[in-house]
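Summarising the annotation, Swiss-Prot assigns domain 'PpiC' to 189-284. Under the heading N-palmitoyl cysteine, Swiss-Prot lists CYS23, citing sequence analysis as support. Taken from Swiss-Prot, the feature S-diacylglycerol cysteine covers CYS23. What Swiss-Prot lists as signal peptide is 1-22, and the listing cites sequence analysis.
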Amino acid sequence: MVSVKKIVASALVGVLMFSAVGCNMVEKTQAAIDKTTVATVNGEKITLGEVDSHLKGVFAQMKSQYGDKYMDDPQVAQQILQQRQSVVQGLVTDKVLGIEADKLGIKPSEEEIKKKVDEQFENIKKGMGDNFDKALEAEGYTEDTFKDVIKNQVINQAVQDYIIKDVKVTDEDAQKYYDENKQQFVAKDSGVLTKHLLFENEEEAQKAYDEIQSGKTTFNDLFTKYQNNKSENKKPIAENLGVVPAENSGLVQEFVDGLKPLKEGEISKPIKTQFGYHIIQAGATYEKGAQLPFDEVKSQIIQILKQQKDSEKFKADMDQWKKDLNVKVYDDKLQEGLKISK
């Protein structure tokens, strides 16, 4: 927690304020620092207190490492300033996207938001197991305040999906990128070209596997269907991992064990890892240095270009919305309470 500044008696404060005009001799109270406006969005203020409320875990870590006077250390102060700058940009984004969600009529209903928040909260809690409560406390969140963070993410995602809904990457775009960047598509190690589908739960993965096995659909059909989901931060995800070596692939062991027995063109049954449930497809085997053909990496290129185009479209829309909403960020105010080296 941020250390509280020394509070001077009110009469003395009056004297000091009078005598120190223009000399910066008065030390602000923590309450005054917290009320400092560090940004405005459409006239709505964001205070330093709001920013610092998201940095409780950082402050606790700094205090543990450097002691109670950690904010007096110029190097630590610089780190905190950078953290504040990052948080205030996030809060600005939340407010801008929240306003635009209402304007565009795309904000999810309260019921939809609650359902998604509860689902994500439980998935995170389940994934972290016994460490969840400690991690929450270490970051300075309660369950309710953490759910507020997730709520903003749900709303933000709805707007992001709207922004990029018409972004397309053609086969011609992919071919052009391949021709201009062939050196990127050379096997770095000997191994198997590997693709996978990643599902949130076992039921979804098993259903997809059964439909592939029955001939109702194909792995490639599902891969095409889901290949843009990663850039939109939602599952199922379809991902081309490129050539995966037999050893030191950097992948989790369960995934590696599921890939090993597969022959070219075969798929695995759903495999559980810490990330969810995977259906893996083994492709051709390539030696180190081999040029990977366009058809084998087209989906990977499309993902690369889609992410680039999505980012460009999102930035362009955000820049315009910030201008329309007269967004202002006061970087100098983010230094309040810190001793920054000049």
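Cβ coordinates are placed from backbone N, Cα and C, and glycine is handled just like the others.
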| Number of helical, extended and coil residues in the domain 'PpiC' (189-284), per DSSP | 28 helix, 31 strand, 37 coil
| Overall pLDDT for the domain 'PpiC' (189-284), taken as the rounded mean | 93
